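**Q** Take a look at this one; I'll ask things after.
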Amino acid sequence: MSSRGNRNIAISAGSLAVLLGALDTYVVITIIVDIMADVGIAINQIQQVTPIITGYLLGYIAAMPLLGRASDRFGRKMLIQVGLAGFAVGSVVTALSSDLTMLVIGRIIQGSASGALLPVTLALAADLWSARSRASVLGGVGAAQELGAVLGPMYGIALVWLFNHWQAVFWVNVPLAVIAMVMIHFSLPARQQVDEPERVDVIGGVLLAIALGLTVVGLYNPEPDGKQVLPSWGLPVLAGALVAAVAFFAWEKVAKTRLIDPAGVRFRPFLAALAASLCAGAALMVTLVNVELFGQGVLGQDQDHAAFLLLRFLIALPIGALIGGWLATRIGDRLVVLIGLLIAAGGFVLISHWSVDVLADRHNLGLFTLPVLDTDLAIVGLGLGLVIGPLTSATLRAVPAAEHGIASAAVVVARMIGMLIGIAALGAWGFYRFNQHLATLAARAAGDAGSPMSLAERLTAQAVRYREAYVMMYGDIFLSAAVVCVIGALLGLLISGKHEHAEEFEPAYAPTYGGGGAIDPYDAGDADDAPTEMLDLPTQVLSAPPSDPGDERPGRHRAP
């Protein structure tokens, strides 16, 4: 098989690992009621189990910067293998859990281990494809991630239906992880040792993890009362997070080894792409969590039917990812990000006007009509999907190739932080607004009361008020998501243009495939698209920059 074929197999195997990690990011969304029943939490206290979701995301975020940098030192293949093994261990802990504490611990282990899968695969794509053509490849990897979002909720329902208990969702991960490890072993390139391997900034990674962890804890309010958005411990804990963040930046300023080496980094487009990724992540999680809750709380649907409402969004998301990667190679990352987030913002504005009759409502477009719920969710999914590949590509083009591992991790960290904010901050604020709306409706009903009502009439009126308060709360949340998307679109204007990227040089090492056997050079017909780290060229040629800046050869790396 040609080296080009090996390259495609490698990225396919990496995408499979990404899919496995992505499934468990979203799988608990549709089985959370079953989990609540087992751990003894009432259905009207759903905010108490958000650590099951945030624990996974926090582990993902906290570990990812270190794992991204570690992949630059130890190689992509090793980190993916370690991630899959740890993921299997975390799945066993989660499946054996009998209380909320152990369940959250298992989810944190899962998230920490799976933190390697997506960023390292994205970095692998950056290693093997040129800056000019990698956007579509990154879009494909992003589509694998979003396929996890598509399959995850339905996957959970299917396994619970098949095995009659939610633990099966996590037991199934063990053989799947083993299969993926075997495939990765024979598919991904092994990195040869170099004289001076990259060092890992452990202190910086720990400080960043502490800052993020304290932020999540400070935003988590298990008992919203309509008077305080944050819990009683919120402000002190957030102050501690701020101190940890300041310590992180101070350390990064003086440390010899840093999570992101500033040399060669174009910070304006780099930070803009990360901030836009954060906005996209917040909007994504708002949709995944609140659409299903809208179905249960407002439309009165059961868990399975409410989960199926997400299908419109989840199908459009990977389609948008593929289209976005294709478009970015032709019109540039900046324009695609701007268009995608503005489309998503428009969709959220439409969703914010949903009523209790949304299933019957239709958009009147003159010559024809479209169902409101289906159309609005598809618009949001398409818009958020469009930006997945371009945001990653823009971030990687703003840093030297030696930083691709940590830069890929930074993209996903930013997105996951946004997801955490979406479920923690907007969720707490949403329940705060719910209690405010409920109090307002109750006061209005008391003022309008005429003759005394029977107990049944009072209960019916109260149920109506609760439903109206839920509609108003979700309207507020989705409108906030629209604002977040507009902010992300404006930030997208600051990312790199179509032809702006850090100058790339040849890599300092030549990876090999499978069991370490050397790869034959590309055939002459493949030479124009061959990653140069796989070519047997003289060292003096590899160390020289290209004479023509426009001549982008795939896989060129900045010299260390």
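Note: Cβ is positioned from N, Cα and C throughout, glycine not excepted.
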**Q** Please identify the range among 42-51, 72-81, 362-371 that Swiss-Prot labels region 'Beta-hairpin'.
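**A** Region 'Beta-hairpin', as annotated by Swiss-Prot, spans 362-371.
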**Q** Between 16-36, 168-188, 200-220, 477-497, who has the most Cβ pairs under 8 Å to the transmembrane segment (269-289)?
**A** 477-497
**Q** Which entry in the list of recorded sites, D24, R415, has its Cβ near the fewest other Cβ atoms, using 10 Å as the limit?
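**A** Comparing Cβ neighbour counts within 10 Å for the recorded sites D24, R415 gives D24.
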**Q** How long is the line from the C-alpha of D24 (site 'Protonation/deprotonation site') to the C-alpha of R415 (site 'Forms salt bridge with Gln-157, probably closes bottom of cavity'), rounded to the nearest angstrom?
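**A** Rounded to the nearest whole number, the Cα-Cα distance is 16 Å.
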**Q** Per DSSP, what is the residue count of the region 'Beta-hairpin' (362-371) in each of helix, strand and coil?
**A** 0 helix, 6 strand, 4 coil
**Q** Tell me, by DSSP, whether D24 (site 'Protonation/deprotonation site') is helix, strand or coil?
**A** helix
